[in-house]
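*Asks:* The structure that follows is given in the form of structure tokens.
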Amino acid sequence: MSLAFNLRAIPFSGHTIQSRRGLFPVHESPMITTKPFVAVKCSLTTSTDLMGKIKDKFNGKVHTSLPAITTHSADTPCNLCIIDTLQRLGVDRYFQSEIDSILDDTYRLWQLKKEDIFSDITTHAMAFRLLRVKGYQVSSEELAPYADQERVNLQEIDVPTVIELYRAAQERVTEEDSTLKKLYVWTSTFLKQQLLTDAIPDKKLHEQVDYYLKNYHGILDRMGVRRSLDLYDVGHYKTLKAADGFSNLCNEDLLAFAMQDFNISQAQHQKELQQLQRWYSDCRLDTLKFGRDVVRVSNFLTSAMSGDPELSDVRLAFAKHIVLVTRIDDFFDHGGSKEESYKILELVKEWKEKPAGEYGSEEIEILFTAVYNTVNELAEMAHIEQGRSVKDLLIKLWVEILSIFKIELDTWSDDTALTLDEYLSSSWVSIGCRICILISMQFLGVKLTDEMLLSEECTDLCRHVSMVDRLLNDVQTFEKERKENTGNSVSLLLAAHKDERAINEEEAITKAKDLAEYNRRKLMQIVYKTGTIFPRKCKDMFLKVCRIGCYLYSSGDEFTTPQQMMEDMKSLVYEPLTIHPPEANNVVGRKQSCVSN
């Protein structure tokens, strides 16, 4: 369904772009659609009213049609800003068809090198980023004029413009892309200097720059939305004329809508946490005396991946497998003997419940029955979703990861020498990304065939995202694992060079991080590529999990010893946003930022 609206502010970039017509979506030629259309008036006094009107429309209670609209390329800068705003506020899914139409038209204008895109630095950078992420073939060479700081007049551009260039530079998908590499170097240096010298008087803009610079690729989707909502200031930014052809949803209304949407998702996340805790208790996992209890962590990570209430089964399946994989990994590492660890693998291969006395220990019984009952339940649900049985696949994924756990256990306990390649050839599976993604993907609303799941593309997606998470994890757990005599990629890099020019720990860590970056870019290449066997909706899951790895292991081990995560968990799962009536957001003496019919 489509929602038409008016905006007269750019709530984040602060960069003012005037549009002569401001129609949204954009089409050079007339477009006629019979899709339902809702007009949300500024007379709405609460976000609840606004959400109610939108829900009524989505439920088909309003029957109108969108008239033919003729737009011009001059509207593109304004429309791209609106898309960026919708994405940052986390409500772009309600406007996906309009966004797709705009980006289709923007790509056509990009190919024609229209002045409306290429003459403004902010628009140029934003168009490049939005198009590349969507999968359009856009060359970074078009940004070459901005690649060298010496060629950019910093007296004529502001911090928000540099932010857009910085964000564009983050979409480098190949090591050879010197344009984006150079663009990243100078924009990141410039923005860091702005922070160090306190040169950004706007507090919210200062916080935004700091947030981007800390860990850009570790910004989890919903945490980014929460931060954007916190930094949204309807009274600060200059007005933007927009959307005469659309109805009157003012900037304050959009904020109220986005905040209400966030709170609805948050309530769902709290409900899912209760379901996880109940499942955890039912499985008797809370009685285990060893290992990590990551129920709240898994709920946070899956909630941060996606806020769509309709994807609850995806999040729950993913979270349950984070918990199960972690518990069994800890059992293999510390909780049980080698023989007991082998026993779990044998039980999963056999896939048959036994009398309690035949498991050998209560811990083995609890772990196996937790996997057995959870997988059987998910298999039944997935059968309905997929229209076919996927139980064998789910069991196979468990046999695979447990077999790798066994190999790693044997390797480190027997003190077997490994090369880095030998280690990575199996350890990317044991990080758990593959099993969590492929099982939860069954509930994404996409029919997954054997051809898709057994394809080289699927293997590459799984391997690249897992390599990122594995390598970054190794960097942060290197010291702990060295003390436990369980090597990882960093220790293997050090060992590999002992007969050559010796490298120190810092150099080994840098090499591991570089290898993680290489795999992250390879993952982006597959995800952004169009016409592949997996639809984009599926491939996006791999990118989301990649961000989880970057989030968890950028400066510590947030998974095992969460610190920043505890604060983020509060804001994402527990602390709702306070929503004020739209009128209350108006600044005294300033006209309401709405356009009337």
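Glycine is treated like the rest: Cβ placed from N, Cα and C.
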*Asks:* Between 114-118, 329-333, 454-458, which stretch does Swiss-Prot give the note motif 'DDXXD motif'?
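*Replies:* The listed stretch tagged motif 'DDXXD motif' in Swiss-Prot is 329-333.
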*Asks:* Long-range neighbours only, meaning 6 or more apart in sequence with Cβ under 8 Å: which ones does Asp333 (Mg(2+) 2 binding site) have?
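*Replies:* In sequence order, the residues whose Cβ lies under 8 Å from that of Asp333 (Mg(2+) 2 binding site) (at least 6 apart) are Leu409, Glu484, Thr486.
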*Asks:* Do any residues of this chain, six or more beyond the ends of the motif 'DDXXD motif' (329-333), have a C-beta under 8 angstroms from a C-beta of it, and if so which?
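*Replies:* The answer is 290-292, 340-341, 344, 363, 367, 405-406, 408-409, 430, 432, 484, 486.
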*Asks:* Mind looking up the mean pLDDT for the motif 'DDXXD motif' (329-333) in the predicted model?
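*Replies:* The predicted confidence over the motif 'DDXXD motif' (329-333), as a mean pLDDT, is 96.
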*Asks:* Work out how many Å separate Glu481 (Mg(2+) 3 binding site) and Asp329 (Mg(2+) 2 binding site) at their Cα atoms, rounded off.
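*Replies:* Between the Cα atoms of Glu481 (Mg(2+) 3 binding site) and Asp329 (Mg(2+) 2 binding site), the distance comes to 14 Å.
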*Asks:* Report the DSSP secondary-structure composition of the motif 'DDXXD motif' (329-333) as helix, strand and coil residue counts.
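*Replies:* Secondary-structure composition of the motif 'DDXXD motif' (329-333): 5 helix, 0 strand, 0 coil.
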